[in-house]
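*Asks:* Take a look at what TrEMBL says about it:
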- F48, G49, K50, Y66, T67, Y68, D118, H174: substrate binding site (BINDING)
- N103, Y105, H115, R186, T190, R192: 2-oxoglutarate binding site (BINDING)
- 96-195: domain 'Fe2OG dioxygenase' (DOMAIN)
Amino acid sequence: MDNRFAQIMMPDANVWYAPAFFSPEASNLYFQQLLTQINWQQESIRMFGKELPMPRLTAWYGDKSYTYSGLQNKPQPWLPILSELKQQLEEATGQTYNSVLLNLYQNGQHSMGWHSDDEPELGSEPTIASVSFGAPRRFGFRHRYNKELKNTYLTMQHGSVLLMQGPTQHFWHHAIPKTTKPTGSRINLTFRKIVS
Ligand SMILES: O=C(O)CCC(=O)C(=O)O
Ligand SMILES: [Fe+2]
């Protein structure tokens, strides 16, 4: 882990945050390029027997197919900008990644519900490197079993990286809550390693 990262002290977890992993100039460029180059999709989710639009746009790039929210996703092939980001994260974190899920939150009503990234394809203690560009958004952690523990909230800054590894997915859910504050677009990329 390079020295841009500081550990977030949470029990049953291994979480690191780099608020300014990328410079503001590089971050502005990545944000604009990702907005236009990524093949953003409006997917739907089945909830309570109904088809609902996901409250965000998504895209999936990588080498191996993967099941997410019950959907078998065929990834699109790597783009140069994604390979470049992947390489920088691999160098900084000492891990390798073979796929990336992208989320585009266009406003404060776009969100992601409480979940953990514990799909079997990721192996038992996955490392997930989560990059943010654009509007800052609150990111929450909630312990899955110990209700005495308070939630932990971080504000995901433009150009930041959050690293979740070790037992984090076993013990904690995470989410991007909705906000009523006027909020611009945010792009998130979660680099993952599919092992099966
Ligand atoms: O947008 C974020 O920071 C969270 C994304 C996330 O949790 C996921 O894609 O699994
Ligand atoms: Fe997640």
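For all residues, glycine too, the Cβ spot is worked out from N, Cα and C.
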*Asks:* Let me know the largest Cα to Cα distance in Å among the 2-oxoglutarate-binding residues N103, Y105, H115, R186, T190, R192, as an integer.
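*Replies:* Across N103, Y105, H115, R186, T190, R192, the widest Cα separation comes out at 20 Å.
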*Asks:* Could you list, ordered by sequence, which of these binding-site residues: F48, N103, R186, T190, have a Cβ under 6 Å from ligand 1?
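*Replies:* The qualifying binding-site residues are N103, T190.
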*Asks:* If you compare CA-to-CA distances from R186 (2-oxoglutarate binding site) to each of the binding-site residues F48, G49, K50, D118, H174, which comes out shortest?
*Replies:* H174
*Asks:* What Cα-Cα separation, expressed in whole Å, is found between G49 (substrate binding site) and H115 (2-oxoglutarate binding site)?
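*Replies:* Roughly 19 Å, rounded to the nearest whole number.
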*Asks:* By a simple count, how many Cβ atoms lie within 10 Å of the Cβ of F48 (substrate binding site), its own Cβ left out?
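*Replies:* Counting Cβ neighbours of F48 (substrate binding site) within 10 Å gives 5.
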*Asks:* Using a Cβ-Cβ cut-off under 8 angstroms and a sequence gap of six or more, which residues of the chain neighbour H174 (substrate binding site)?
*Replies:* W114, H115, S116, F139, G140, F141, R142, M164
*Asks:* If I take the alpha carbons of R192 (2-oxoglutarate binding site) and F48 (substrate binding site), what is the distance between them in whole Å?
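*Replies:* Answer for this pair: 29 Å between alpha carbons.
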*Asks:* To which of the binding-site residues K50, H115, R186, R192 does the lowest count of other Cβ atoms within 10 Å belong?
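*Replies:* Ranked by other Cβ atoms within 10 Å, the binding-site residues K50, H115, R186, R192 bottom out at K50.
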*Asks:* Look up G49 (substrate binding site) in the DSSP assignment and reduce it to helix, strand or coil.
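*Replies:* Assignment for G49 (substrate binding site) reads coil.
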*Asks:* Going by C-alpha distance, which of the binding-site residues F48, K50, D118 is nearest to N103 (2-oxoglutarate binding site)?
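*Replies:* Nearest by Cα distance to N103 (2-oxoglutarate binding site): D118.
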